[in-house]
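Peer 1: Submitted below is the structure of interest, expressed as structure tokens.
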Amino acid sequence: MRPHPLPPSMDKDKTASFTVSLEKRKSHIDFLSAYAKVTIRNQRLSILKQPIFSTLNQHLIDYPTPSNLSYWWGFGPLAGICLVIQIVTGVFLAMHYTPHVDLAFNSVEHIMRDVEGGWLLRYMHANGASMFLIVVYLHLFRGLYHASYSSPREFVRCIGVVILLLMIVTAFIGYVPPWGQMSFWGATVITSLASAIPVVGDTIVTWLWGGFSVDNATLNRFFSLHHLLPFLLVGASLLHLAALHQYGSNNPLGVHSEMDKIASYPYFYVKDLVGWVAFAIFSSIFLFYAPNVLGHPDNYIPANPMPTPPHIVPEWYFLPIHAILRSIPDKAGGVAAIAPVFICLLALPFFKSMYVRSSSFRPIHQGIFWLLLADRLLLGWIGCQPVEAPFVTIGQISPFVFFLFFAITPILGRVGRGIPNFYTENENRSNDYQ
């Protein structure tokens, strides 16, 4: 039997309610579609999605960071802060400085005495260079301790060594513009080392001086280069950061893992802020209470080519290199002894390393590292002592201890064992499934 049809009134009511339901659903879908379009448009127009800011957000805010980083990993960002401070204070100092041999020393005194806040600018710049080098040295030795230079971060270490060389050159030529006795004679002695290069050495020295002695041309050249090199440092630092973020940061355990990472902001910004404040307090002690303790009193004497200072001493961060140079009687031999230091730093990442890199799990490597650090401090102390026995003998022996670290590290990478094999195997197995 056929079902009895519905009354006409009920059929109309059902059709009308169904039509209303369809219209509600359609309006709801239209609303969601419009909302999605607005959301996508707002995200696209967000300042963090723009080309420059998206890069900054990717590398400075949302950068995935190992969750177990210690305070020792805060020296990288702190070095960037120091570089910015050096550039800003240097630009303001250059507004009042006169690069002329007859006016340079007096212009520095003018900054100290007559320019409002000039004393603070000069002491921030002078002591800031020392603080900058302290941060970079700590950053360097932290990398050596935890073997952060190992594969796949070889390029990061190579750029870091280039940055260190640029910093040394920038700091040296920045020591000349005050035009005191140590500035003049330091420039004379250091630039004369280029004469040790066979055939073209004397020509290079004449070109560096702009004449046959350190004079006005030398001062102008050094001042111009001292303005240029910090911006090269900025470019090299950006390359260093980009190379680091390609493979990610190392961690205190020295074991790579993609599973346990968090965003840099806000976690590590807050953590690093503790170290930054502590370092600011440390720097302020020198800045406000002992601004000249890291300098040399002879540099408050105007440059005079006639009397030679009895003891020409560079800034403290050059003392280890200075100790090696003067401990070798032959000038060419001293220069040749400096080059292997940077060659070893460049070559170290390309040697075979253990799966677990950190010295925390490698007692032999840890002992060699502390021996390296003690030898570095010993060379710094030797560099400020008179050129006489036994300091010369110690200065000749100490570099061999320094190079011992770079000779033993590749051997330990081949024969050493860091942690139990089961941990390594489990980590390798987890990486295979990723």
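Backbone N, Cα and C define each Cβ position, glycine as well.
OK, TrEMBL features for this one:
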type     : residues       : note
BINDING  : His125, His226 : heme b b562 binding site
BINDING  : His139, His240 : heme b b566 binding site
BINDING  : His245         : ubiquinone binding site
DOMAIN   : 37-253         : domain 'Cytochrome b/b6 N-terminal region profile'
DOMAIN   : 254-423        : domain 'Cytochrome b/b6 C-terminal region profile'
TRANSMEM : 71-98          : transmembrane segment
TRANSMEM : 119-139        : transmembrane segment
TRANSMEM : 159-177        : transmembrane segment
TRANSMEM : 184-208        : transmembrane segment
TRANSMEM : 228-247        : transmembrane segment
TRANSMEM : 268-290        : transmembrane segment
TRANSMEM : 332-351        : transmembrane segment
TRANSMEM : 389-412        : transmembrane segment
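If you look at the structure here, what lies around each of the features I listed?
Peer 2: Annotation note: His226 (heme b b562 binding site) sits in a helical segment as assigned by DSSP. When other Cβ atoms within 10 Å of the Cβ of His226 (heme b b562 binding site) are tallied across all protein chains shown, the result is 21.
DSSP gives His240 (heme b b566 binding site) a helix state.
According to DSSP, His245 (ubiquinone binding site) sits within a helical segment.
Residues 59, 63, 79-80, 83, 86-87, 90, 152-153, 155-156, 159-160, 162-163, 166-167, 169-170, 173 of the same chain sit 6 or more residues outside the transmembrane segment (228-247) yet have a Cβ under 8 Å from a Cβ within it.
For the transmembrane segment (268-290), the list of distant contacts is 65, 69, 71, 73-75, 77-78, 81, 120, 123-124, 127-128, 130-131, 135: same-chain residues at least six beyond its ends, Cβ to Cβ under 8 Å.
Sequence-distant neighbours of the transmembrane segment (332-351) (same chain, 6+ residues past either end, Cβ-Cβ under 8 Å): 149-151, 153-154, 157-158, 161, 164-165, 193, 196-197, 321, 324-326, 399, 402-403, 406, 409-410, 413.
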Peer 1: Any residues 6+ beyond the ends of the transmembrane segment (159-177) with a Cβ under 8 Å from its own?
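Peer 2: Non-local partners: 97, 99, 104, 108, 129, 132-133, 136, 140, 143, 183-184, 186-187, 190, 218-219, 222-223, 225-226, 229-230, 232-233, 236-237, 239-240, 243, 314-315, 317-318, 342, 345-346.
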Peer 1: To the nearest whole angstrom, state the Cα distance for the pair His245 (ubiquinone binding site) and His139 (heme b b566 binding site).
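Peer 2: Counting only the Cα atoms, the answer is 17 Å.
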Peer 1: At the level of the C-alpha atoms, what whole-angstrom distance separates His226 (heme b b562 binding site) and His240 (heme b b566 binding site)?
Peer 2: 21
Peer 1: Looking only at the domain 'Cytochrome b/b6 N-terminal region profile' (37-253), what is the mean pLDDT?
Peer 2: 88
Peer 1: Could you tell me the C-alpha distance between His139 (heme b b566 binding site) and His125 (heme b b562 binding site) in angstrom, no decimals?
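Peer 2: One finds 21 Å between the Cα atoms of these residues.
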